[in-house]
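**Student:** Submitted below is the structure of interest, expressed as structure tokens.
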Amino acid sequence: MGKAAEIEVTESGGGGMRRRNCACTKDDFLPEESFKSWGNYAKALSETPKRLIERALTRSNDEAELEAKARSHHEMKRTLTWWDLIWFGMGAVIGAGIFVLTGLEAKEEAGSAVVLSYAVSGLSALLSVFCYTEFAVEIPVAGGSFAYLRVELGEFVAFIAAGNILLEYVIGGAAVARSWTSYFATLLNFRSDKFLLTAHGLADGYNQLDPIAVGVCFIICIIAVSSTKGSSRLNYIASIIHIVVILFIIVCGLIKSDTKNYTPFAPFGARGVFKASAVLFFAYVGFDAVSTLAEETKDPGRDIPIGLVGSMVITTTIYCLLAITLCLMQPYENIDANAPFSVAFKAVGWDWAQYVVAAGALKGMTSVLLVGAVGQARYLTHIARTHMMPPWFSYVDEKTGTPVNATTVMMGATAVIAFFTKLEILSNLLSISTLFIFSLVALSLLVRRYYVSGVTTNANRNKLIICILLILGSSIGTAAYWGLSEKGWIAYCVTLPVWFLATAGICIFIPRARSPKLWGVPLVPWLPSASIAINIFLLGSIDKDSFIRFAIWTAFLLAYYFFFGLHASYDTAKEFEKSKGWKNNIEEGNAASKGLDSKDAPIASGN
């Protein structure tokens, strides 16, 4: 836990503190009553249906999420401003995606219209950024989307989403670490696979071992646990160098451009543009890590909107300019799928520029790894505060103000996967979980604005449920029809009007139950509804193997929840209620017992 002896540990109820003489015991992982003995555990398992009914749809509230911070023993240090968040945002996103996937998608799916693919996926990411921003301002905790979903959609949905968030970060970090090795080899004028070791006894796809990726993960871990502000400064420096290299690529690339290379513009049609958009969403993965820094931001109401929205606008603009530059330098069919920018400069006679490109890519991927390490640890920290993951992960070191245990374990998992697994396998696992989570966050925003327990009438609640189901159904129908029918259009005449009317129904017939206190998403319900529709549409362009992997991972999460997470969360909620002396659980919405105004208590049992 960062100290080998005598550290303070909060009991499962969040109440008392006591000393321990060893750094790690059973109670650090399973301190709840259900796990005190085998008899207790057997009793807990026998009560699974009852506990599931009580907890699965139970909604938390803003104050309960803020209260949970006390379970980390020490507070994270508020040292970040909007300037730090902008650079964290760009550092989290601009990396392997733009330097690796641009060439592949331009050559095989979109042609020169790859710029439109980046614009579409960037629009989807920007809409999601707006939704994240309101939550991060209102609930400034390290839990990110896990905390937001727990407040609005309930514990069960939040946990499934959280599991996919953690998977996304681990696999995304492993993919970037593998790319780091490839670009490092290029910078030294070697083949991209120069430093990989072949293990003939392992299966194909897992037999190219990458020790350099492990070393990079280890160094990033040390930096991330040392200081959040220090990580910010390193990211700031690396990102500045990265931006300078990107400006070099754009300016020098346009100098050597030829507008004839832009013909034909969209050789694969609209279908190719959207198919590439689903894959290129990988290039935007990571911005949600910035929302996990809300707990360490000096002025969340001001800094988070500027940092999140500003970084995404800048990133999307840079991506589109880089895509335009690449396709003006070379005809799309001549673009190299593995090292597009380096080969493009070779093609126009500037061989030396490949080293500048490789150096810029390395800087970018280092930033992505660093911000990913910071973000994923904070997600895990807040999940552990609820005891749905062992509370050992929630420990925040008093000296550094960082979640040491969570950072170390997550980066260790990243290093192991990066050591064995090929980049192609890793990159195919990412987008589906990301788009799924972004859709849920947008849905949560609709619930947050239009449903408050004790304020919203049953009739308006039922109208909201119907409208949301119609939005989801029409969006799924549009995505499914797009995937199944290459030339059809009749179904769109049904699904698109249904989406429009359902969104208009929320706007016209359902009164808002809550207004944001500090900063709110504009154009509600249209903006979050559009975010849901676009994210689901992009999901429809993802290959079936990704859905199979998503289903397998979700099945694993369900098993963990039923056997461990549910019971730990149940016991923790009961202890938390008892320690505060409330007759009803705060998470089940008895705000009156705390003396709160009902409008400030958006809690419902979910039943």
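Each residue, glycine too, has its Cβ placed from N, Cα and C.
Per TrEMBL, transmembrane segment is recorded for 80-101, 113-135, 156-177, 211-227, 234-256, 276-294, 306-332, 401-420, 432-452, 464-483, 489-511, 523-542 (among others). Residues or ranges marked as domain 'Cationic amino acid transporter C-terminal' by TrEMBL: 519-569.
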**Student:** Sort the residues of the domain 'Cationic amino acid transporter C-terminal' (519-569) into helix, strand and coil with DSSP and give the three counts.
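**Tutor:** When I sort the residues of the domain 'Cationic amino acid transporter C-terminal' (519-569) into the three classes, I find 40 helix, 0 strand, 11 coil.
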**Student:** In this predicted model, what is the average pLDDT of the domain 'Cationic amino acid transporter C-terminal' (519-569)?
**Tutor:** 85
**Student:** Which one, 156-177, 306-332, 401-420, 489-511, has the most C-beta pairs under 8 Å toward the transmembrane segment (211-227)?
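**Tutor:** The stretch with the most contacts is 401-420.
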**Student:** Give residue numbers and ranges for long-range contacts of the transmembrane segment (156-177): same chain, 6 or more residues beyond its ends, CB-CB under 8 A.
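**Tutor:** Long-range Cβ neighbours of the transmembrane segment (156-177): 55-57, 95-96, 144-147, 149-150, 210, 213-214, 216-217, 282, 285-286, 288-289, 365, 368-369, 372-373, 375-376, 379-380, 383, 388, 410-411, 413-415, 417-418, 421, 423, 426-427, 429-430, 433-434, 436-437, 440, 550, 553-554, 556-558, 560-561, 565.
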